[in-house]
Amino acid sequence: MAIEVRVPTILRSYTGGSKVVEGSGATLSGLIDDLDAKHSGLKGRLLTPEGGLHRFVNVYVNDEDVRFLGALDAPLSDGDSVTILPAVAGGALGFAAAAALLRK
Amino acid sequence: MARYESLLDACGGTPLVGLPRLSPTVPEGAPPVRLWAKLEDRNPTGSIKDRPALFMVREAEETGRLRPGDTILEPTSGNTGISLAMVAKLRGYRLVCVMPENVSSERVQLLRMYGAEIIFSPAAGGSNQAVATAKQIAAEHPDWVMLFQYGNPGNARAHYETTGPELLHDLPTITHFVAGLGTTGTLMGTGRYLREKVDGIQIVAAEPRYGELVYGLRNIDEGYVPELYDATVLSRRFSVGTRDAVLRTRQLVEVEGIFAGFSSGAILHAALAVAHEAVKAGQRADVAFVICDGGWKYLSTGAYGGTLAEAEDALEGQLWA
């Protein structure tokens, strides 16, 4: 068994277009290293140069936000389902428009 | 209290109702685990957004930012627009809403009925076009006032001053509060209030997970986290997919008679998750969650009938929360 990882459209250029890939790791950090070994460059999109989770990247383990489960240290088990999504909250277009209006 | 001077005065004070049939069964002798729904569809325009809309307008009036006859500009996917449209109508402002074109037709009809003007941002083509549209509007109308629900502290304050105290008054034994995560105003305001008053309270977010179209950014740096969001207020955050949201929305009406919109279904899904955990742990729990709005505005999606798969297809690409 492995960990199933759902990859958002925006990152599929790293997975050869695959929507779902498999990986392994005892923690999220380990999983990201494993994924990066198979899909080179992915880690650089998920983490900041300082090594933290990118502000606009949300990762969920079995539908729960990893930032509340220990972030990169969040423990993983075989059979877990991991979902990666860009942070757009409710309604990407409305938010983007709102942010743009404020920035002017 | 059941008599008010005007519709605006009837905002808030919504009922909290128990869900005896959806609450999990606990083993003989174990402490009770109960679910409670705060019926925010009982607000003047039928959604929880009446609270922040009224609050933000009042604050802007008090600080002199908003003057009689002004134009309010707000990017909104629906409910806030409808609330603002009602408040604007009664307080004498013009309202222009910027919204994605993939929202339900009922919302558009309601907004127009209240006299709001709508500028659509395209659903397809990523957010770039919407950003461009928004920038253009702002540049052309520097005198328009944007209350900006995603970054206006008044949004969270509305819940700190009303939703939070109401919940604590009606349910002093509250152990969990569960609400939807959009602008984050409900969770930030109610969450902060309850954390101050209730030891060990769990503040739980249910975030809608839409179809892929909604996440169609060109790069990660186009992402957005509302300025109001403060992760330290939350205990946990769940991502709820369309299928689970629809399933729970149907259970709400079938089992408890509550006809709600899909965001409420998503919230119930998270509420049930924490309730079942409490049962497993043998802990007492009074889990209060929010019914954001009624189901009326979403009937045209067709997602209340047919199989779950059909409903999921019907909501694909729509902002259902």
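Including glycine, each Cβ sits where the backbone N, Cα and C put it.
Record features (TrEMBL):
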BINDING   B:Asn79, B:Gly182, B:Thr183, B:Thr184, B:Gly185, B:Thr186, B:Ser263  pyridoxal 5'-phosphate binding site
DOMAIN    B:9-293  domain 'Tryptophan synthase beta chain-like PALP'
MOD_RES   B:Lys49  N6-(pyridoxal phosphate)lysine
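What TrEMBL annotates, mapped onto the structure for a quick look.
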{"residue": "B:Lys49", "record": "N6-(pyridoxal phosphate)lysine", "Cβ neighbours (10 Å)": "28"}
{"residue": "B:Asn79", "record": "pyridoxal 5'-phosphate binding site", "Cβ neighbours (10 Å)": "28"}
{"residue": "B:Gly182", "record": "pyridoxal 5'-phosphate binding site", "Cβ neighbours (10 Å)": "27"}
{"residue": "B:Thr183", "record": "pyridoxal 5'-phosphate binding site", "Cβ neighbours (10 Å)": "29"}
{"residue": "B:Thr184", "record": "pyridoxal 5'-phosphate binding site", "Cβ neighbours (10 Å)": "28"}
{"residue": "B:Gly185", "record": "pyridoxal 5'-phosphate binding site", "Cβ neighbours (10 Å)": "32"}
{"residue": "B:Thr186", "record": "pyridoxal 5'-phosphate binding site", "Cβ neighbours (10 Å)": "28"}
{"residue": "B:Ser263", "record": "pyridoxal 5'-phosphate binding site", "Cβ neighbours (10 Å)": "29"}
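Checking the recorded positions B:Lys49, B:Asn79, B:Gly182, B:Thr186 against chain A with a Cβ-Cβ cut-off of under 8 Å leaves B:Gly182. DSSP assigns B:Asn79 (pyridoxal 5'-phosphate binding site) to a helical segment in the three-state reduction.
The two recorded residues, B:Thr184 (pyridoxal 5'-phosphate binding site) and B:Lys49 (N6-(pyridoxal phosphate)lysine), have Cα atoms 12 Å apart. Residue pair B:Ser263 (pyridoxal 5'-phosphate binding site) / the residue listed as 'N6-(pyridoxal phosphate)lysine' shows a Cα separation of 13 Å. Across B:Asn79, B:Gly182, B:Thr183, B:Thr184, B:Gly185, B:Thr186, B:Ser263, which the record gives as binding pyridoxal 5'-phosphate, the greatest C-alpha separation is 15 Å. In this structure, the C-alpha atom of B:Asn79 (pyridoxal 5'-phosphate binding site) lies 6 angstrom from that of B:Lys49 (N6-(pyridoxal phosphate)lysine). B:Gly185 (pyridoxal 5'-phosphate binding site) and B:Lys49 (N6-(pyridoxal phosphate)lysine) have their C-alpha atoms 10 Å apart, to the nearest angstrom. Taking only the Cα positions, the spacing between B:Gly182 (pyridoxal 5'-phosphate binding site) and B:Lys49 (N6-(pyridoxal phosphate)lysine) is 11 angstrom. Between the CA atoms of B:Thr186 (pyridoxal 5'-phosphate binding site) and B:Lys49 (N6-(pyridoxal phosphate)lysine) there is a gap of 9 Å, rounded to the nearest whole number.
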